[in-house]
Structure formats: structure tokens, C-alpha cells
Amino acid sequence: MKNLYIFIALLFIPWSFALAKYDEFEDGDDIMEYDDNDFAEFEDVSEDMVTESPQRIITTEDDEEEATVELEGQDENQEDFDDADAQEGDTESEPYDDEEFEGYEEKPDASHSKNKDPITIVNVPAHLQNSWESYYMEILMVTGLLAYIMNYIIGKNKNNRLAHAWFNTHRELLESNFALVGDDGTNKEATSTGKLNQENEHIYNLWCSGRVCCEGMLIQLKFLKRQDLLNVLARMMRPASDQVQIKVTMNDEDMDTYVFAVGTRKALVRLQKEMQDLSEFCSDKPKSGAKYGLPDSLAILSEMGEVTEGMMDAKMIHFLTHYADKIESVQFSDQFSGPKLMQEEGQLTKLPETKKTLLFTFNVPGSGNTSPKDMESLLPLMSMVIYCIDKAKKFRLNREGKQKADKNRARVEENFLKLTHVQRQEAAQSRREEKKRAEKERIMNEEDPEKQRRLEEAALRREQKKLEKKQMKMKQIKVKAM
Amino acid sequence: RGPGPSDGATGRYKPPATETNPALEDPTPDYMNLLGMVFSMCGLMLKLKWCAWIAVYCSFISFANSRSSEDTKQMMSSFMLSISAVVMSYLQNPQPMSPPW
């Protein structure tokens, strides 16, 4: 490649350059001499010469031939000089004209740039620098993602272990009390799967059924979102704990009509606001349970005093006192319909469906840093649940209590009907109008003119009858009023 | 204690009310999904690298919080969109991201 380059350079160097060089030679005779010891000057010059020697030898031969043929031809001679100059650019610091370098700017520039132009160091753009350091933001991002994935795997596994530890601890008690333990609703027959139903990476369900007095029991293990790094970081600011929620659906005949709740004050205040039944039936603020020997942390919400009296028997108090730190809320309600629904105006015309339910919310000890062993401490609470189921079945209000309860329920229903009265009226009105419109349309669509006439007459008659009825009613009311 | 298992009628599993009322459930995965898509569109259109990276994070968070009953196709599409946003931003402009400070 180098040889080729030199050759091309030799071909394209303007001979005016050679002219300038030639001026230095005062005598034409010198040319002859120069031919003879062509490369005498080159003996001490740079190493590059050595590699070029084969090429030079060839050219010198040519030159010699040309020199002998044409002494005065400067074109040929210039090849000599070009060669010499090309090689000797570094060693000879001769003044030169810019014009001579019109087609050949590279090499002289390289050699003379040091003298002429100051070196400007170009800023190589970061992505061409080929160094990883400039990508530190990206590396940070990827590291963050990897950390998130690691946390996801670790959190998921921890929740899984906790859930199975809980289940293993409670399995025996559940299996001795329920015929069906574990059902995911997919099988045609009701067979025990004996497994937890995983809804989420942090929520596990278990459905138990087949016991006297209750339809079924749904246990939800609501763990903290350990698989989500954001949640983990948020929990560092605000500690929270895993929860076990148990919802027992009672048979209609197995529970009397009352609404009762006990739990931490904070939880009860929140429930009273959120829950439909508690807000309607338990109007008072949560009362302290100190009267019954409950610790200060627990409070009671009740429909009437008699219910509280009935509920707070010795065993209950024992349970509540001993496990107060784990109990968040306990709610017995025959009017349970879930949290208050955000209703749009005019939409609700019927009371929400209610079910006789016992609800328990327990906090897992450890406040987030739970280990599978902590699950054992929840076993007594499950015993409490079973006890409550039986208690709810046994507890019956006396006559007074029943009367009060019925009155309360009637009152609530009435209030509801009043509220929705307007909406129901509007609904009825619109239904009537719809009927009329449908009829009119039928009449219009009737092609047979006779039929049309008959239908119209029938409609007119009906209208007249209605008007007469209304008039009669008005008259009756007037008479009564008088 | 009652006679126990054999006497009671066995009811079937009914999913808890929150499943039929997804609005009451935690809305995080849906929000994060939407946010992820918005950020990845921003990253693609406005050629902002940080938008694309945030979109990737959003889709990861949405996946971590998702319910098992939820459609995986939705998750995958949001994830793919965010990855493509990142890749396109870097193809168009291979310079590293500059911190805002």
C-alpha cells in the first residue's frame, strides 16, 4: 500500500513544485551531477527511505534514462526532486509556496502544522469514547432494575413460605372442624383441595365449608407487598403488618339479629365510617371496654347494651385480653353488606343484599418482619373464631332486645325508602311513559286503517277510565278530609 | 363444640366480593400500566431517554402488583412497549443519558 501511495504521489505532484525546487539549482550542469549521485543525500535520511529503496531504484533508473535523453526537460527531472522532497520533508525545513501544495496538502500539512497552526483537540462525543464510565446513568438504571427483580423474587418466596407455614399450623384445626378445606371453585364436585388458593403474590385465600351453623368460612391471608420494592421502601417510613381476614357466613336460622363490633379504637372508627351496617345501626362512638375488663386498646361498638352483655362472657373476655395485640377488629352482623357503596343519585332503588356474617381481622405479630414461626401464635385466634361461631349460634336476644332490633331495622328501611322515594317515583313515571309510547307506536305502525281506528278508540277509552278513577279518588279524599 | 364436619352442608367457594368489584381492589397495577404506556409514548415521540426508563420501571411495578386473574397479554404488551421505547431512544441517539443536575 505504501509503495502504491508513493507511486501515485509521484504521478500527481505538480511540476510547478519541481520548478520551485529547481530554482535552487543554479547551474543546469548540476543536474547531470545530481543524476549520478542521486541518492547520496538519502543515505543519512529517515528510516522510511529504506523501505522505499526498491521503488527508488526503479525510478532512478527511469530518471537516468530520461536524463540522458532530455537534459533540459524539467518534467522528468522533477520526479527526482519529488522523490527527494517527499522523503526529505522532515529533514529539510525549506520555505515553500502555498501554491505548490494545491493538490497535495496532506504530508506538508502534517509536517508543518506544528509550526503553523496550534493543535486543536477535538472533543470526541461521549458515545464514541468507548469507555463504559460515560454510561453511568444507564448502568445505574439497569442496577435498579436488577435490584427490583431480586426483591421481587425474595419477597414472593417469603410470602409463600409464610402462607404455607400458616396453613401447616392451622391445617389440623381446620380439618377437624370443616368437611371441606380448600376449594378454588373450579372443580365440579366439592372436593377438598387441601391447598391455599393464591390470588396474588401477597394474597392467599382458603375456603372452608361443611360445618354446622355456618355456610362457609373464607380466610384471606393478606400479606404485605414484599415483592414490590416501592412498597418495601414505603414501609420503611410507615410500618405495617400482615393481616389475616376471616369471614364466616352464617346460616339464616343460626344467628339472631344484632350488630356488634370490638377492636382497636382506630379500626372501629374507620369501620364505622366505611361499613354500611355499622354506620346505620351503631350510631354511638366506640366505647371503652374497661367495664368488662378489656385492655384500653380495645373499644366496643354495639347496637344495644344487651348485645354487649351477651357477647362479653368470660371466655370471650379471656380471648380478647390475651390476644389484644393481635386483634384488629371483630364484627358480628346480621345486616352485613360490605362497605358503603358510592351511589350515584337515582341509581339505587333497592337496599343492598345483606348476609349474616362474622368478620375477624387479625394482625400478624412482627409488624412486617415476620418469620414463619410467628404463624403458630395465630392458632389460638382460630380457636377463638370457632368459639365465636358457636356462640353466635347460641346467643339469642330476649323479647325486649328483639323488639328493639326489629324497630331499628324497620327504621333503617324506612329511611332508605324515603330517600329513594323520589327516585322510585321517577322510575315508575318513566315506565308508564314508555308504555304509552310503545302503544302509540303500535297504533302508528298498524297499516290497516280500520284496525288503527279501533286501537285509537281503545286507547282513548282507557285514558278516560283512568281520568275517572283519579277524579273518584280525589273526591273520596275530599270527603274524608271533610 | 358442634358435631363437626359431617353434619354441615357444604357450600362452594365463592370469590370474595372485591373480585366482582375490581374498583374496590388495589388500583396500583392498572395505574402503573397506564403510566408506563404514557411514559413510553413520551419517550418514543419526544426522544427522551429518561421517560423510556421510567416506563420500564412502571411496567415492572405493574407486573409485581398484578392479580393472578389479570390478563398477562396486557402486562406483556406494556412491557414490550417500554423496552422498545428504550431501544429506540438509544438507536436514535447513542449518547449516554445526562443527569438533570
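Glycine residues also receive a Cβ, built from the backbone N, Cα and C atoms like all the rest.
Quick look at what TrEMBL lists:
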type	residues	note
COMPBIAS	A:60-103	compositional bias 'Acidic residues'
COMPBIAS	A:104-117	compositional bias 'Basic and acidic residues'
COMPBIAS	A:429-471	compositional bias 'Basic and acidic residues'
COMPBIAS	A:472-482	compositional bias 'Basic residues'
REGION	A:45-117	region 'Disordered'
REGION	A:422-482	region 'Disordered'
SIGNAL	A:1-20	signal peptide
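Across the compositional bias 'Basic residues' (A:472-482), the DSSP tally of helix, strand and coil residues reads 10 helix, 0 strand, 1 coil. Long-range contacts of the compositional bias 'Basic and acidic residues' (A:429-471) within the same chain, counting only residues at least 6 positions beyond its ends with a Cβ under 8 Å from a Cβ of the stretch, are absent. Per-class residue totals from DSSP over the compositional bias 'Basic and acidic residues' (A:429-471), listed helix then strand then coil: 40 helix, 0 strand, 3 coil.
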